[in-house]
Amino acid sequence: MLGAWAVEGTAVALLRLLLLLLPPAIRGPGLGVAGVAGAAGAGLPESVIWAVNAGGEAHVDVHGIHFRKDPLEGRVGRASDYGMKLPILRSNPEDQILYQTERYNEETFGYEVPIKEEGDYVLVLKFAEVYFAQSQQKVFDVRLNGHVVVKDLDIFDRVGHSTAHDEIIPMSIRKGKLSVQGEVSTFTGKLYIEFVKGYYDNPKVCALYIMAGTVDDVPKLQPHPGLEKKEEEEEEEEYDEGSNLKKQTNKNRVQSGPRTPNPYASDNSSLMFPILVAFGVFIPTLFCLCRL
């Protein structure tokens, strides 16, 4: 007889299957598979203190995080929805909008976020490259209160085209000090998140939020098949190279031939025989010469 836990597990599995079969418009943004399994992230929306959909409208993601409309609209930079025509890999279908819109600027730009309480926080930056199709086309830095927390970000080089990429930056605020990535600075109540103009095109961001907690509390993107395969191939290549090196070394050892014998370790009697022969020939010859 099945226990209560087995019946409950079967019911949840059937509900997930049913939700997957329903079109997104019917099941709504809050009823995705992540919503069924949302018990693990039940407190996530409450821990998020600030969230913005850069270049886009307000949106509530599958985890319940409420992204507000971009406060820089009409003030700084330009909004773009160029990515709306593209599907975004690694993202939940309901949340692709967070990566399809963006804000960029021809100069350094950023956001100010007031922080009232001390504690541990995490800054999550969301990106997707929807325009360029090769690396070294858009490269920029990200600064947090003057600290460079992301250096030379090349989104395409990291994950490829139209693929979600999150930068997760933990920090702590205590006793008037901001600590991030091993650096400390004076904190005056506001976080300044800057996207720094570099040599390659313009800086941008798709969405971002700040939450109280640690990196372990941040929802992760879906796995990237291309990156996983590449990592596996690199591991196999390193293993093969090591094996080949070992085999080659052994092969070279065989080809080098047997060890050269030590001449000092051989028997000295083998050297005495030619000496005795020479001495035996020399004495009679000398005797004959003396009689002449």
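Including glycine, each Cβ sits where the backbone N, Cα and C put it.
In Swiss-Prot, the carbohydrate site is described by TYR82, TYR104, TYR131, PHE132, and among ASP201, ASP216, ASP217 the residue recorded at this site is ASP201. Within 8 A of the CB centroid of the carbohydrate site residues TYR82, TYR104, TYR131, PHE132, ASP201, the other residues of that chain are SER80, GLU102, GLU129, VAL130, GLN137, LYS138, ASN202, LYS204. Neighbour counts of Cβ atoms within 10 Å were compared for the binding-site residues TYR82, TYR104, TYR131, PHE132, and the top value is held by TYR104. Every protein chain considered, the tally of other Cβ atoms within 10 Å of the Cβ of ASP201 (carbohydrate binding site) stands at 16.
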